[in-house]
Structures are given as C-alpha cells and as structure tokens.
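The block underneath contains the structure these notes are about, expressed in structure tokens.
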C-alpha cells in the first residue's frame, strides 16, 4: 500500500478545474444536444461567437459521433466533475476511484475528437485543436497523479 500526500497545489488546481467545468457542461457543451431555445440569449450568443471565431465545426454541424460523446460528457463526466471537485479539494479517499474513472473515460473520448480535428480541412484546425487538447492532457495528469498510490490524498508520505 503506497500512500502519498502528493502536491496540495496540484490537487487544489484540479479541484478548481473540475468545478469550473460544471457550468461549462451545463450551459455550453449541452447546447450541442439540447435546443438552443432552452438557453438564455447570452449563452446562445456565446456559443455562436465560439463557433464563429474558432471554426468549431463539431459544435456547428453536430455529427452523430460528437453528439454521443456530448451525452457521455453530460451523464458521465458531469457527475465526475462534481465528485472530483469535492474529492481533490477535501482529499477524500474515494477520489482515487472517481479520478481514475474520469481520467480514463475523458482521455478515451478525446482521441476521436482530436483525430477528427487534425484530419479536418477547417482553416482554424490548430486553434480548435488547442481548445480541445487540454481535455486530453488534464485527464492524463489526473491519472499520473492517482495511479501510483493506493491512498493519493494521505496526510503523511509513506513509500
């Protein structure tokens, strides 16, 4: 059994990341699968601006594979964002499980999205790639943070 206190700064940073993504999923990403009329005018304008400036053809055209991944984001990742914000901030022992589920699931869902972007012909593909790639990198950071330790949020470091 390996215990590790880890980096408190990293844990708090990840907790903030998880917490900030809750409203993004609810009010931005979910516009891909729900009618725009369900959202306030300001959210509609924000999404239109994002699509226009980034060339986000996935949010604009809503291909079926992308819609399926957005449903996964709403029903799998959203609860994990909430759980992980709490777990990483307060150092909950169950956070290792929810963090690993989040990391594996999200990193896996990002591969087809990033591949599609890189193979696309949109002139803003590198800008668009830079918007999406953190959602591959951060889950991998979460996995590297959690996988080596049975108790990643332990108070004292024991090798």
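Cβ coordinates are placed from backbone N, Cα and C, and glycine is handled just like the others.
Summarising the annotation, TrEMBL assigns domain 'EXPERA' to 10-143.
Per TrEMBL, the feature transmembrane segment maps to 12-45 (among others).
If you look up TrEMBL, you'll see 65-90 (among others) marked as transmembrane segment. Sequence-distant neighbours of the transmembrane segment (65-90) (same chain, 6+ residues past either end, Cβ-Cβ under 8 Å): 11-12, 14-16, 18-19, 21-22, 25-26, 29-30, 32-33, 58, 98-99, 101-102, 105-106, 109, 112-113, 116, 142, 153.
Remote same-chain partners of the transmembrane segment (102-123), defined as residues 6 or more beyond its termini with a Cβ less than 8 Å from a stretch Cβ, comprise 55, 57-58, 65-66, 69, 72-73, 76-77, 80-81, 84, 129, 132-133, 135-136, 139-140, 142-143, 146. Annotation comment: TrEMBL describes 102-123 (among others) as transmembrane segment.
Feature annotation from TrEMBL assigns transmembrane segment to 129-147 (among others). Beyond the transmembrane segment (129-147), the same-chain residues lying 6 or more positions past its ends with a Cβ under 8 Å from any Cβ of the stretch are 6-7, 10-11, 14, 17, 54, 56, 84, 95-96, 99-100, 102-107, 110-111, 113-114, 117-118.
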DSSP residue counts for the domain 'EXPERA' (10-143), split into helix, strand and coil: 114 helix, 0 strand, 20 coil
Average pLDDT across the domain 'EXPERA' (10-143), rounded to a whole number: 97
